[in-house]
Structure formats: C-alpha cells, structure tokens
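Peer 1: Quick one: this structure, given as structure tokens, is what I'll be asking you about.
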Amino acid sequence: MFELTRYDSRRRVRGSIALSVGLSALAAMVIWVYPSFEAEVDLDQLLAAYPDPILQVMGVQTMTSLGGFLSFELYTFGWVIMLGLYLAYSTAGTIADDVDRGRMDVLLSMPLSRRRLIAERFAAMAVPIAGANLLPPVVVVVGARLIDYPLAVADVLAVHLLSIPYLFACAGIGLLASVVFDRAAIAQRVALGVTFVLFLSESLLTGTDAETIGAIAPMRYYDPNAVLLEGRYDLAGAGILVAMTLAFLVASQLWFGRTDIR
C-alpha cells in the first residue's frame, strides 16, 4: 500500500532538503541584520512612512521587537506568501503533468482507484511541508539567543506547527487545479493566480464591508503576528484549514473520478 506516496516522497526529498536549507539561511540572515537594523533605523518612523494599504497587505504590526520583525520579514513573506504560492504551484503539477505527458493511462492501469491515486499523490506533499518546518525553527530559536533577543520556544514551534495546515490548504488549491486542467502549465498558473488573489482579498478586504468574502482565503486562519507578538494560538483556525484541505481533496477526487483521460 501507499506505493505512489512512497515513490513521490522519495522524489521530493532532495528538493525538500534544499528548501529547508534555503529557508534556514533566510531566517539566519533576517535575525543577523536585526540588531543593526534596530540600532540604526527609527522603526516607528519607518513604519509611518509606509502607506496603510502596504502595511495591511503585508500584515505589519510592529518591527520594534524581533518577533514583529520576523513575523513581517520571514513568516508573512516567506511562509504565508512564498511557501503558500510554492505549494500551490508544485501540487498543481501532480496530476496534470501526468495527463499532459501521457503517463496517466499507465497509472490508471494499476490496481488502485482514482480516489486513492489522488489521495496518495497529495499525501506526498507532506515531505516539502515537513521539510520547510524542520530546520528553520531551530535556526530561529538559536539565532535569537545568539543576538540576545531570545524568543519563547513554544511560540516559535507554534508558528511553524500552525503553518502546516495552512500550507496543506494551499496545496489543496493546487490539487484541485491539477485535476480541473489537463495541461500542467495552465494548472500551475491558475493555482498561483488563485492563491495570490485569495491572499490579496484577505489582506485588502479586512475591516471593510466586504470582509466576509475573505473567509474563503486560507490566509485568514494563519496569523504569525498573533503567535509571535501575543502568544495566541488559533486552534480553531487550524481546524478550519484542515476542513478546507479535506474539502479540496474530496472535490479533486470527485472531479477526477468523472474525468475522461485523453
């Protein structure tokens, strides 16, 4: 059992290691520059110079603490935006690429249902998601202590653990695009576009009369600021993200089960 998951997981290990190392290097760089940045720049004045829409889109609350600085420079940019887009894009190729290249007939000739095929291919995305959250929290905790701006270990672990259901939800967007479109390039572009539009809708509509529209965006339910600045863990939001991921998975299975492969 789970032959496809094991096969896809092995293929993703090397890239996931590179992803983990790259994100760790980004975390180390952000932490390393913070002391000089804080000493040489009036952070309150810097924030005041930014237009409110920019601060709202990027979720910036404060940069006068290392937690606030990391929330903006590392987690909002690195996890919410870049990793979310990467997972949506990468997952969008899981099914569409096989259809595009004519390999799907071979997979469907195996003794497994279409629903199981979708579930196993999607399960392999746990490798890059886990890889992205394996080494960086260690770098953040150790780096913060080395520059004498220690962070609560529980908060750092929480901001990474709570990102896992968020990243799976973004991957779910890519999975749905992968079964709806039979060309990988189109599926990947659609997944990127939808994920980014959802990010903008959540960021720009918050506090407006249309705020409820942003409820469909995964970004609403993962807030690094709440964890690192307030020590507040949104477990209900994590539950919503899990439900959202399952909805994407089931919708993808139903769609693919009724699709004619050409």
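Each Cβ is built from the backbone N, Cα and C atoms, and glycine gets one as well.
Annotations for this protein, taken from TrEMBL, read as follows:
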TRANSMEM  12-34  transmembrane segment
TRANSMEM  74-96  transmembrane segment
TRANSMEM  122-147  transmembrane segment
TRANSMEM  159-181  transmembrane segment
TRANSMEM  193-216  transmembrane segment
TRANSMEM  236-256  transmembrane segment
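Explain the structural surroundings of these features, please.
Peer 2: With a threshold of 8 Å between CB atoms, the same-chain residues lying at least 6 positions outside the transmembrane segment (12-34) that come near it are 66, 69-70, 73-74, 78, 83, 86, 124-125, 127-128, 130-132, 134-136, 138-140, 143-144, 146-147, 149.
Counting only same-chain residues 6+ beyond the ends of the transmembrane segment (74-96), those with a CB under 8 A from a CB of the stretch are 8, 19, 23, 26-27, 30, 58-60, 104, 118, 121-122, 124-125, 128-129, 132, 140, 159, 163, 166-168, 170-175, 177-179, 181-184, 186-188, 190-192, 194-196, 199, 218-219, 222, 224, 228, 252, 256.
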Peer 1: Can you work out which residues elsewhere in the same chain, 6+ from the ends of the transmembrane segment (122-147), have a Cβ less than 8 Å from its Cβ atoms?
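Peer 2: Non-local partners: 2, 4-5, 8-9, 11-13, 15-17, 19-21, 23-24, 27-28, 31-32, 34-35, 66, 70, 74, 79, 83, 86-87, 90-91, 94, 153, 156-157, 159-161, 163-164, 167-168, 171-172, 175, 249, 252.
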